[in-house]
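Have a look at the structure below before the remarks.
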């Protein structure tokens, strides 16, 4: 059924965001603006560093550049609107705008989840079968894995978005959140949302279980391989290689699991908002910091660039 047939084309929503704390609007704006600026500079900077340094043209850094791009994208989908709503009184968003925001946000979050799983598999091949690493992780395979992650992200998002377009809304629609979350739309709809809820549950469960299964299986083999190494320096190097990725995975999946384990009650809305801020705004900022601060190649490239700029003047 077409969108106009459901009388939703002119529907608007009000995003409450953090309006419960009017005295914190300006401080929150300044904090989130700083975080978003660091996110943009960090992720774009990491992509540029990987691009200009031939030493970083490896599968691991190829996946890392894609992760930085995804982090930049899904943060940019949420943060600007959230920042605007912190300083203006009119916090409305059209139904179409809400659906578009959800579509792109869902696409990039699902893509990130599978990219992290792909990166775990890459570490598994590099540590457990290093002699055949360049053969097994060919450029063609790397591109296919990334394209597959994006394609699945778009597919999941399309299914949920199409189901949202069939919903009907009436009256005053207030979303007690700072972005258009799918479950929030379902709670406001006057349509039967049974199928939508099951579709959301199925896709979320499948994505989380499948990606975590890949990650846990990969790292189980990695741990066994590392423990079999006789060289202490070899063990230390292997653990160091995986530390950044494990940190990123723990923060990302830990936050999402915590978020969806919180009971959907009025008393938990504050907790849900805080957790949502963490994985929509904070995590995209942390990822480039996590990977660059613990990575000698990245730090060396940054040092070379800075030295070149200094001596050029």
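Each residue, glycine too, has its Cβ placed from N, Cα and C.
As recorded in Swiss-Prot, the features of this protein are as follows:
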TOPO_DOM  1-26  topological domain 'Extracellular'
CARBOHYD  7  N-linked glycosylation site
TRANSMEM  27-47  transmembrane segment
TOPO_DOM  48-55  topological domain 'Cytoplasmic'
TRANSMEM  56-76  transmembrane segment
TOPO_DOM  77-100  topological domain 'Extracellular'
TRANSMEM  101-121  transmembrane segment
TOPO_DOM  122-140  topological domain 'Cytoplasmic'
TRANSMEM  141-161  transmembrane segment
TOPO_DOM  162-197  topological domain 'Extracellular'
TRANSMEM  198-218  transmembrane segment
TOPO_DOM  219-238  topological domain 'Cytoplasmic'
TRANSMEM  239-259  transmembrane segment
TOPO_DOM  260-272  topological domain 'Extracellular'
TRANSMEM  273-293  transmembrane segment
TOPO_DOM  294-313  topological domain 'Cytoplasmic'
For the topological domain 'Cytoplasmic' (219-238), residues assigned helix / strand / coil by DSSP:
17 helix, 0 strand, 3 coil
Take the transmembrane segment (27-47) and find every residue of the same chain, 6 or more past its ends, with a Cβ under 8 Å from one of its Cβ atoms.
18, 21, 64-65, 68-69, 71-72, 75-76, 79-80, 82-83, 86-87, 281-282, 284-285, 287-289, 291-292, 298
Counting by DSSP secondary structure, give me helix, strand and coil numbers for the topological domain 'Cytoplasmic' (48-55).
7 helix, 0 strand, 1 coil
Overall pLDDT of the topological domain 'Cytoplasmic' (219-238), taken as the mean:
85
Count up the helix, strand and coil residues in the topological domain 'Extracellular' (77-100) according to DSSP, in that order.
17 helix, 3 strand, 4 coil
Counts of helix, strand and coil residues, the topological domain 'Extracellular' (162-197), according to DSSP:
15 helix, 2 strand, 19 coil
Per-state residue totals over the topological domain 'Cytoplasmic' (122-140) - DSSP helix, strand, coil:
16 helix, 0 strand, 3 coil
Where else in the chain does the transmembrane segment (56-76) make close Cβ contacts, counting only residues six or more beyond its ends and a cut-off under 8 Å?
36, 39-40, 42-44, 46-47, 49-50, 104-105, 108-109, 111-112, 115-116, 118-119, 122-123, 126, 133, 137, 142, 145-146, 149, 248, 280-281, 283-285, 287-288, 291, 297-298, 301
Sort out the residues at least 6 away from either end of the topological domain 'Cytoplasmic' (48-55), same chain, that have Cβ-Cβ distances under 8 Å to it, and list them.
61-62, 64-65, 292, 297-298, 301-302, 305
Taking a Cβ cut-off under 8 Å, which residues six or more beyond the ends of the topological domain 'Extracellular' (162-197) line up next to it in the same chain?
1, 3, 6-8, 11-18, 78, 81-82, 85, 93, 95, 97-99, 101-102, 105-106, 264, 269, 272-273, 276-277, 280
